[in-house]
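Participant: For reference, the structure I am asking about is given below.
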Amino acid sequence: DRDSCVDKSKCSKYGYYGQCDECCKKAGDRAGNCVYFKCKCNP
């Protein structure tokens, strides 16, 4: 679920958020983004 994406997904300092994005999509959200090195899902 989306909370596990926040914990699991690494957000690097150069904004690579593929892992976060993928996790959020699997959780049923539209996309994922990195905010202050944390993964956030966009419903």
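Each Cβ is built from the backbone N, Cα and C atoms, and glycine gets one as well.
Sharing the feature lines straight out of Swiss-Prot:
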- Cys5-Cys23: disulfide bond (DISULFID)
- Cys11-Cys34: disulfide bond (DISULFID)
- Cys20-Cys39: disulfide bond (DISULFID)
- Cys24-Cys41: disulfide bond (DISULFID)
Participant: Compared by Cα position, which of the disulfide-bonded residues Cys5, Cys11, Cys34, Cys39 is the closest one to Cys24 (disulfide bond)?
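Facilitator: Closest by Cα: Cys5.
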Participant: In angstrom units, rounded to an integer, how far apart are the Cα atoms of Cys34 (disulfide bond) and Cys23 (disulfide bond)?
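Facilitator: Given the Cα positions, Cys34 (disulfide bond) is 12 Å from Cys23 (disulfide bond).
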Participant: Run through the Cβ atoms and count how many others sit within 10 Å of the one on Cys41 (disulfide bond).
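Facilitator: Total other Cβ atoms inside 10 Å, all chains included: 22.
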Participant: For Cys24 (disulfide bond), which DSSP three-state class applies?
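Facilitator: DSSP assigns Cys24 (disulfide bond) to helix.
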Participant: What's the most sparsely packed of the disulfide-bonded residues Cys5, Cys11, counting other C-beta atoms within 10 A?
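Facilitator: Each of the disulfide-bonded residues Cys5, Cys11 was scored by Cβ atoms within 10 Å; lowest is Cys11.
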Participant: Can you tell me whether DSSP puts Cys5 (disulfide bond) in helix, strand or coil?
Facilitator: helix
Participant: Enumerate same-chain residues with a sequence separation of six or more from Cys39 (disulfide bond) and a Cβ-Cβ distance below 8 A; give 'none' if the list is empty.
Facilitator: Cys5, Val6, Lys8, Ser9, Cys11, Tyr17, Gln19, Cys20, Cys23, Cys24, Gly32, Asn33
Participant: Can you tell me the three-state DSSP label for Cys11 (disulfide bond)?
Facilitator: coil
Participant: DSSP secondary structure for Cys34 (disulfide bond), reduced to helix/strand/coil, please.
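Facilitator: Where Cys34 (disulfide bond) sits, the three-state DSSP reduction gives strand.
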